[in-house]
Amino acid sequence: MGGRKGVLGQVRSKAAKVAAGVGRTPKCDARKAKVASRTWGVQEQRGRRHLSLSTLVSRGVGESGEFTSTIFDVEDVSLAGSKESILRGGRDKFGLLAKAFEGIKTIGVCGWGSQGPAQAQNIRDSIEAAGLSGDVKVKIGLRKGRPSWEEATACGFTEESGTLGETFDVVAESDLLLLLISDGAQASLYPRVLAAMKPGATLGLSHGFLLGVMKNDGVDFRDDINVVLVAPKGMGPSVRRLYEQGKSVNGSGINASFAVHQDYTGNATEIALGWSIALGSPFTFRTTLESEYKSDIYGERCCILGGVHGIVESLFRRYEAQGMSPEDAFINSVESITGPINSIISKRGMKAVYEELDGEGKEIFMKAYSASFGPSMDICYEIYEDVACGNEIKSVVNATNRFDRFPMGTIDQTRMWKVGEEVRAKRVEEDIPLNPFTAGVYVANMMATLTTLREKGHNWSEICNESIIEAVDSLNPYMHARGVAFMVDNCSFTARLGTRKWGPRFDYNLVQQAYVAIDNGAGVNDELKQEFLNHDVHSALAVCAELRPSVDISVSTDEAVGAGKARTQYKSSKANA
Ligand SMILES: NC(=O)c1ccc[n+]([C@@H]2O[C@H](COP(=O)([O-])OP(=O)(O)OC[C@H]3O[C@@H](n4cnc5c(N)ncnc54)[C@H](OP(=O)(O)O)[C@@H]3O)[C@@H](O)[C@H]2O)c1
């Protein structure tokens, strides 16, 4: 692999860029400084005065979410008073793909994990629907001899047809290269990948992770390529499943953020938007690579994956200790979240969960909410700041380098999840209760997740997707159908590692702080209650809900080939390198 030295010769050093004043400084950094001195956490429970959330979030909002296109009709939306631009998806836009992909003959998709199979098949189908099959080819790049090679072949990508080849051959051939190998592999292979790309080609990422790695390494992308991002806010199986369901209506899918980090050819925005339309994203919003990796790595560690895992483990034990049978404890924790609570939030938002309850239920919800919000904020802040300073990315890269000696463990073999298998087998959907205590703890975690993002300066589209929509419309449905391991382990290695690391921290803080406080008689915190009921997020989410997929995801209990089945078992990275 002779690339690293060569490419490092081509990359621009960060110091030189900063000296030349070319660095990209996201607006959120300035906003971060404004809110840095505010205190959050257990203080709220003690009733101390603090700046109200609505005051806090009205500052410095929104402009970074605006964009224009010369091909697609971009709409302005007002999210909690902030103007942002979105591109609405739909199969009726496929006709514009020819223009968006002008000059692109080969779209290379390297990687067949969670995103690879979904994105490659969706784009291939969209190109076919647009009548472009003869002009644009989707070609998969993989390591020969791996199970993923066979899976891709079974999905119709074959060597014979020129739509399947070795990773680095495909890198070199691609006009648009979608780099969907694991983030850990991107961290070690990027010099070689960049060296192999054609000048003028477009590097497409589905995560800003690589930028975080390169920042830690002190290097940047070479100058003569475009660098764009389209990041679906959900796992690959959801991206594919909803796209397939959407074929009978005008499309359906998972929302995506997009970013243009480097526009060498002058049409990088159109290429990125075309990619997102071809994936079937119901709406696409703008971000930056940096904002994306911060919010994404953070969000999946909080309520999207790590938070929810920690919550249900702690609640299951609590309910059993209070005398419930194991089955009832599972039903009142996991089933309640992935069933009625999830469905209400998905369609009507978080406040509707509270409004659905009777007087006594509302009181229980608010007590649980009041006690859980501060301890959840505490962990959320720690996660955000560890991500923002580069520590979490280093931790992921280090962990993947240890995989051969310490592979990732399984997460669904405990008694609780075995009970869950039996509960799911006997489930009567309508009988699943909306447990008010569970709802209070879960919604507090969501609110803590989004409050931290807002305080750190992210725009509303990103916040709603990284804290709420991805959880309720993409991931929780899989936990409902298949349990926790399927939900977690169909996400990226980055997400899986983060869930294993931070889930137990949420569990610990809830048990040690929130539940103890409640058991010691802590009541409703009126200030927190009013802030929750009047929070700007409810109106922002209502606008996003209008743009939600036109069909509900329907998850089968048996995964088909092509949904990334080859990835769910750990495989030695050294053995496969
Ligand atoms: N998973 C999600 O839900 C999700 C959501 C949004 C964005 N993303 C982003 O999408 C990208 C892909 O993530 P993913 O979860 O889909 O995939 P992944 O499971 O993390 O990666 C799997 C793929 O990486 C390949 N790979 C690993 N090491 C390699 C090496 N040394 N050389 C070549 N290939 C190697 C594997 O090859 P083999 O097939 O040979 O094993 C496999 O095809 C990441 O940037 C991720 O952050 C993921």
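Including glycine, each Cβ sits where the backbone N, Cα and C put it.
All TrEMBL annotations are machine predictions without curation.
These come from TrEMBL:
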- Asp296: Mg(2+) 2 binding site (BINDING)
- Asp296, Glu300: Mg(2+) 1 binding site (BINDING)
- 87-291: domain 'KARI N-terminal Rossmann' (DOMAIN)
- 288-430: domain 'KARI C-terminal knotted' (DOMAIN)
List the same-chain residues at least 6 positions away in sequence whose Cβ sits under 8 Å from the Cβ of Glu300 (Mg(2+) 1 binding site), in sequence order, or say none.
-> Gly306, Cys491, Thr494, Ala495, Gly498, Thr499
In the domain 'KARI C-terminal knotted' (288-430), how many residues does DSSP assign to helix, to strand and to coil?
-> 113 helix, 0 strand, 30 coil
Near Asp296 (Mg(2+) 2 binding site), how many other Cβ atoms are within 10 Å of its Cβ?
-> 27
